Amino acid sequence: MSDELNNQPLWTGDYYNQGTGPNDIFDTLKEECGVFGVYGHSGAASLSYYGLHALQHRGEESCGICVSDHTEFHYHRGMGLVKEVFDKETMATLTGDISIGHVRYSTSGSSHLGNAQPLVFRYRAGELALATNGNIVNAPQIRRELEEMGSIFQTTSDTEVLAHLIARSSKPLVEAAKEAFRRIVGGFAFMIMTNEQLIVASDPNGLRPLTMGRLGDAYIFTSETCALETIGAEIVRDVKPGELLVLDQNGLHEDFYTEPQRKALCSMEYIYFARPDSDMNGANLHSARKRMGSMMARESFIDADLVTGVPDSSISAAIGYAEQTGIPYELGMIKNKYTGRTFIQPSQELREQGVKMKLSAVRRVVEGKRVVMIDDSIVRGTTSRRIVNMLRDAGAIEVHVRITSPPFKNPCFYGIDTPDRRDLIASSKTVEEIRQEINADSLAFLSREGLIEAVGGDNKDDYKGGMCMACFDNDYPTQTDFGGEEQFGCGC
Ligand code: SF4
């Protein structure tokens, strides 16, 4: 190792190639978190292990599983990937047939074990474990009010805010949980566990995905259906907006804690976050992404020698673009899968080259060619510029960028870690200005209408296809102004 690298700090609290700070190499949006719950299976912990493994792309920072044997909790949490945090010995201690599990992506400054979920508490009625995916917009306001009333918080997670609301209530758990859910505003998929019950709830707009499955007599809940496939469970249905499900010895109780609002599932799940083998709102994501690529071709065709997609999320859309136009799809870029967790800070020189650590252009494929490069989004623009330049360095004679989402202009309040509005390139620049900034020969974004049509291709249940598109059109489905105390991004 060179002296230069030796002199770099080894650990700064953020994985340098995963964060969204201004010095990060990759400025893509970050997955939020994933949740997985089991009720009524003696192998609940192993199912959770495999389920969380399937949801690993939603959060690589920390993970945890809490299991109940109806007498006491057994739980384990750790920093790192599921396969690193759990070993055979640990798994053997996680006995019981009710469980909740979590994978977490941490926002800057909150990378420590204390925030790893499930969070476990002891309160007047016994043990309580909670896990969530999403963000509570009014969490800072509620937290301040609770602190003024004497509550002491141990974490920075929104999940603890809900735990305090429940613990302060004198009502039975289910009623206390309903009251707490009515108090919070945001996008969330919550799981609450005691030694007798599993409670699962979705926000009133269904912003974050949550699906129910069955494995024999057991009930399974997961952020994405790919985890059901992994454990051999069947998809039953999505948890509905505003719904609260209770599982106990008497079976499943279906209820609502509030009136459902307009369905607004996060459109970025379709575009980028979720695995292509998952289904959401009845649509398979690989198929939906192919339709986005096909729609993109119809909206902004450009003649070229080959189409390539930025791996992995844009490959489906690139195939759709190629099928629609007849331009061959080629593997113009390769992703290095082993850059996920690196602790050594790069030198400035390496930082400039940084994108090549994660992506490489296939020179023999792109050399001398006019390339259409499909990507899912442009956040700050820095990654797009690096990828375009990488293709040019490898010999591409033209690089035409096609983005399968509208311009990303507004921060997310519902669980996606986005930069401030001023750092979102599309919030202040025109398409032509962005094209110049990323050094592309041409640039086009998928229209809002095109996205709706592509996603709603086999399921269109209300306007916008039941999607939130606030980061594109500023139409947030909930209140977002809490007198300056509102919280955006991810609150897990
Ligand atoms: S604002 Fe954008 S990223 Fe956030 S939930 Fe809505 S569509 Fe998803």
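Including glycine, each Cβ sits where the backbone N, Cα and C put it.
Quantities reported herein were computed from a predicted structural model and do not represent experimental measurements.
Residues Asp375, Asp376 are recorded by TrEMBL as Mg(2+) binders, and the candidate that the same record lists for that site, out of Ser313, Ser316, Ser427, Ser428, is Ser313. Here TrEMBL has Cys266, Cys468, Cys471 binding [4Fe-4S] cluster, and the candidate from Cys33, Cys63, Cys66, Cys412 in that same listed site is Cys412. In the three-state DSSP classification, Cys33 (active site, nucleophile) falls within a strand. In three-state terms derived from DSSP, Cys471 ([4Fe-4S] cluster binding site) belongs to a helical segment.
Across the fold, the C-alpha of Ser313 (Mg(2+) binding site) and the C-alpha of Cys266 ([4Fe-4S] cluster binding site) stand 16 Å from each other. For Asp375 (Mg(2+) binding site), the number of other Cβ atoms no farther than 10 Å from its own Cβ, over all displayed protein chains, is 23. It is 20 Å from the Cα atom of Asp375 (Mg(2+) binding site) to that of Cys468 ([4Fe-4S] cluster binding site). Summary of the [4Fe-4S] cluster site environment: with the site residues Cys266, Cys412, Cys468, Cys471 set aside, the chain residues having Cβ atoms within 8 Å of the Cβ mean position are Gly187, Leu207, Ser267, Met268, Phe413, Tyr414, Ile416, Met469, Ala470.
Cα of Asp376 (Mg(2+) binding site) to Cα of Cys468 ([4Fe-4S] cluster binding site): a span of 16 Å.
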